[in-house]
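Participant: Feature list, courtesy of TrEMBL:
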REGION    1-25  region 'Disordered'
REGION    77-98  region 'Disordered'
COMPBIAS  82-97  compositional bias 'Polar residues'
TRANSMEM  106-125  transmembrane segment
TRANSMEM  137-159  transmembrane segment
TRANSMEM  197-217  transmembrane segment
TRANSMEM  229-250  transmembrane segment
TRANSMEM  262-283  transmembrane segment
């Protein structure tokens, strides 16, 4: 399945959730339609969420080429006293453009995977059923949702403030017209989109640090250089994936400038990984922190 990419119209209205403009960011945090659809399971596209998860591992750029969400709102027919217009008709359609895709299917699916992973970690490394339940809930609500909300909130204010439209930013070439924005269309960063990026960036972290680390733990927890190399590389790959997917998410927005700066942590990760090979087993010291709070 390869989702179709829609191009917004030039007369698009203001997004209904999470939009912020340089003139006033105080109106940006509104009640997301994402939360309004939390229990509307028939409207959720789990097939799309599965496609996104697969693509995040093999071709993450495709996800953010397809994440644009186009909303059509049907209005009532005009009243008899209303003057006819070029767009009037029995039913008028207004286009509202938003980068955020208010479909909680990805969040539900990854939460379910985190729950299963928590049960597996709990059975293997805790002593009681209660500790296993606590660890599973900790994985879902703290490791995944709370961390993603924290990252999204920080990105909403910092990325929008430092790299957003109308800001001089750093010297260099300004980005031109983007894939999704037409001339004259409003440019804004949405909190919902920041959350979309955060939860999708977390998926490779789940794969490498919650699944692969669990499977490889008997190997990477040993006191030898080969175990240390594989364990440290596991963390390098997970953090590298997280940073690159965040970069791709914000780089897809044509009104953000110098988004390549979001890749800077990768150089720090590489330096720390190389230094750790001289005697610090990251997995052996950090891995046990995953089950902290279960006891």
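Placement of Cβ uses the backbone N, Cα and C atoms for every residue, glycine included.
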Participant: Can at least 3 Cβ pairs under 8 A be found between the transmembrane segment (106-125) and the transmembrane segment (197-217), with each pair 6 or more apart in sequence?
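Facilitator: Touching, yes - the transmembrane segment (106-125) and the transmembrane segment (197-217) meet the threshold of 3 or more Cβ pairs under 8 Å.
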Participant: For the transmembrane segment (229-250), give me same-chain residues lying six or more residues beyond its boundaries with a C-beta closer than 8 angstroms to one of its C-beta atoms, as numbers and ranges.
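Facilitator: Residues packing against the transmembrane segment (229-250) from afar: 56, 60-61, 63-64, 67, 155, 159, 163, 193, 196-198, 200-202, 204-205, 207-209, 212-213, 216, 219-221, 256, 259-260, 262-263, 265-266, 269-270, 273, 276-277, 280-284, 286-287.
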Participant: Give residue numbers and ranges for long-range contacts of the transmembrane segment (137-159): same chain, 6 or more residues beyond its ends, CB-CB under 8 A.
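Facilitator: Same-chain residues near the transmembrane segment (137-159) but 6 or more away: 20, 25, 28, 107, 110-111, 114-115, 117-118, 121, 189, 191, 194-195, 197-199, 201-202, 206, 210, 246, 250, 256, 262, 290, 293-294.
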